[in-house]
């Protein structure tokens, strides 16, 4: 039968003839020939446009990419939760994460807490501050534990 095989369209026999059912959802054509509709060509396929989420056309359908950093959702809808509320914005656990949406919705600065130094970024971003010892040897340093006198909360 001459009805479309990809996608499969059902062929209906009639006395002395036949007809093809219509193309399935996501396709356009007459049932003999069916062509994929690019759902992404119109209004980003229904995927979020603010923030923008990529629409990926698939055979007979489409799928939405993931929401950008600082947003949660299914790609059709993305809700802002803040970059710092997700894995501390990529900052070290002992760093303070501060958003700067003036730069971008996914920009955060990481600042090590008092008693720590470093970039504040990632698992090695903050280390205990070292202070010079009373030693006369140049460059000799010792660790100063900022939690020695008061319990620290991690």
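Placement of Cβ uses the backbone N, Cα and C atoms for every residue, glycine included.
TrEMBL: automatically predicted annotations, no manual curation.
Copied over from TrEMBL, here are the features:
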DOMAIN    2-35  domain 'EGF-like calcium-binding'
DOMAIN    2-35  domain 'EGF-like'
DOMAIN    36-79  domain 'EGF-like calcium-binding'
DOMAIN    39-79  domain 'EGF-like'
DOMAIN    83-127  domain 'EGF-like'
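If you take every residue in the domain 'EGF-like' (2-35) and average the pLDDT, you get 95. Broken down with DSSP, the domain 'EGF-like' (2-35) shows 0 helix, 15 strand, 19 coil.
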